[in-house]
Amino acid sequence: MDSVAFEDVAVNFTQEEWALLSPSQKNLYRDVTLETFRNLASVGIQWKDQDIENLYQNLGIKLRSLVERLCGRKEGNEHRETFSQIPDCHLNKKSQTGVKPCKCSVCGKVFLRHSFLDRHMRAHAGHKRSECGGEWRETPRKQKQHGKASISPSSGARRTVTPTRKRPYECKVCGKAFNSPNLFQIHQRTHTGKRSYKCREIVRAFTVSSFFRKHGKMHTGEKRYECKYCGKPIDYPSLFQIHVRTHTGEKPYKCKQCGKAFISAGYLRTHEIRSHALEKSHQCQECGKKLSCSSSLHRHERTHSGGKLYECQKCAKVFRCPTSLQAHERAHTGERPYECNKCGKTFNYPSCFRRHKKTHSGEKPYECTRCGKAFGWCSSLRRHEMTHTGEKPFDCKQCGKVFTFSNYLRLHERTHLAGRSQCFGRRQGDHLSPGV
């Protein structure tokens, strides 16, 4: 009978490797080792006066010393004790035939049972079981769970299965495809503007139920995190941290390709996909600008056409986005759901309400480093700083006039869209001057 090395059925770590394991990996190692000992006992090893629990206090030393006391040590092969040295040891049929069907693709270890390999694979930090290329001898159910390789019951040959995900639901407007009808319906609402979830407290509706539930917490007062800079209440700690960074200016996530920094990992991923990964194949016919997806192109084209999609049923005024329409409708209903508990003044919008609260507290945490003037809002400070720098980054593409803020530019562009012959604030015949 061929000898089988002890490492073939036991996971062994050196003292240096053991020190690098996390507590969860050490607990996993403990469980695997315990099962290994039990399996050894089941094939004929008699464990006398052995306290298994004490064994795990120092696994690296106790494991070797225990085997050495049972088997002795072969000269010149310090850690390759074999089953042939263990008295009354009878290997099972798999080991007698030499079949070792379970092999780890990471470190090369082989195991007699797939359960040993399954647990061993988890010990590899960051190794996903679905990526395992090892040889598995499993039931059909577990072959399906493994998802990478399956064994034919007739021939025993392994065949590779490449899973494919079909997306049968395709949007006719932008071409985006989905594999779920629910996600497809939610996406369609972004084009139609349909909002099925309506708030009973105020005139506001939502396309997605999760957004509706989050909004409901605003009325119940279920807000756990409040920003010390602006007083805005936020539901979740992750969103709260991102919001605080908008005040502090911290941008810990940096793009490795262009060096641009972002306040969250999600913004960084979006930037990497749109700016570096995707080919910008959608080109605007008006200005020639290229964008990565058709939906971005549709949004961009509205800036040229002045297209407004959402119309007020009472005054026929139209808006580009549904939230602007909902805010406008409050002017007709007279609804002012936000009330100050100090002076009783009411407001239409939560942003105006938060800004008003600072008039009572006198809080102005944003101070200009040049003149010392303080502001209650970070945006107000940024606007003020431009008066020192003279920065005017927004310029009109048609007449060349430059502006300090984008909203000033948008107001100016309407004069061109309306067909006026002169620019905003400039009489006909005046020379063009780049300034506000």
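The backbone N, Cα and C atoms fix where each Cβ goes, and this holds for glycine too.
The domain 'KRAB' feature in Swiss-Prot is assigned to 4-82.
Summarising the annotation, Swiss-Prot assigns zinc finger to 102-124 (among others).
Residues or ranges marked as region 'Disordered' in Swiss-Prot: 128-164.
According to Swiss-Prot, the compositional bias 'Basic and acidic residues' annotation covers 128-141.
Residues or ranges marked as compositional bias 'Polar residues' by Swiss-Prot: 151-163.
The DSSP breakdown of the zinc finger (169-191), given as helix, strand and coil counts, is 11 helix, 4 strand, 8 coil. Sequence annotations record features per position, and here Swiss-Prot assigns zinc finger to 169-191 (among others).
Annotated zinc finger per Swiss-Prot: 197-219 (among others), in sequence order. Within its own chain, the zinc finger (197-219) is flanked in space by residues 186, 189-190, 233, 235, 322, 326, 329-330, 333, 335, 337, 350, which lie at least six positions past its ends and keep a Cβ under 8 Å from the stretch.
The zinc finger annotation in Swiss-Prot covers 225-247 (among others), and the record cites sequence analysis as its basis. Across the zinc finger (225-247), the DSSP tally of helix, strand and coil residues reads 11 helix, 4 strand, 8 coil.
Look at the zinc finger (253-276): DSSP puts its residues at 12 helix, 4 strand, 8 coil. Look at Swiss-Prot and you will find 253-276 (among others) tagged as zinc finger.
Annotation source Swiss-Prot lists zinc finger at 282-304 (among others). Long-range contacts of the zinc finger (282-304) within the same chain, counting only residues at least 6 positions beyond its ends with a Cβ under 8 Å from a Cβ of the stretch, are 173-176, 273-274, 320, 397.
Taken from Swiss-Prot, the feature zinc finger covers 310-332 (among others), and the record attributes it to sequence analysis. Counting only same-chain residues 6+ beyond the ends of the zinc finger (310-332), those with a CB under 8 A from a CB of the stretch are 193, 195, 202-205, 302, 348-349.
For the zinc finger (338-360), same-chain residues at least 6 beyond its ends with a Cβ under 8 Å from one of its own Cβ atoms are 218, 230-232, 327, 330-331, 376-377. Here Swiss-Prot flags 338-360 (among others) as zinc finger, drawing on sequence analysis.
Across the zinc finger (366-388), mean pLDDT in this model comes to 81. For 366-388 (among others), the entry in Swiss-Prot reads zinc finger, with the evidence type sequence analysis.
Annotation source Swiss-Prot lists zinc finger at 394-416 (among others), citing sequence analysis. Break the zinc finger (394-416) down by DSSP state and the numbers are 11 helix, 4 strand, 8 coil.
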Distant-in-sequence neighbours of the zinc finger (225-247), which means Cβ under 8 A and at least six residues beyond its ends: 214, 217-218, 263-264, 350, 354, 357-358, 365, 376-378
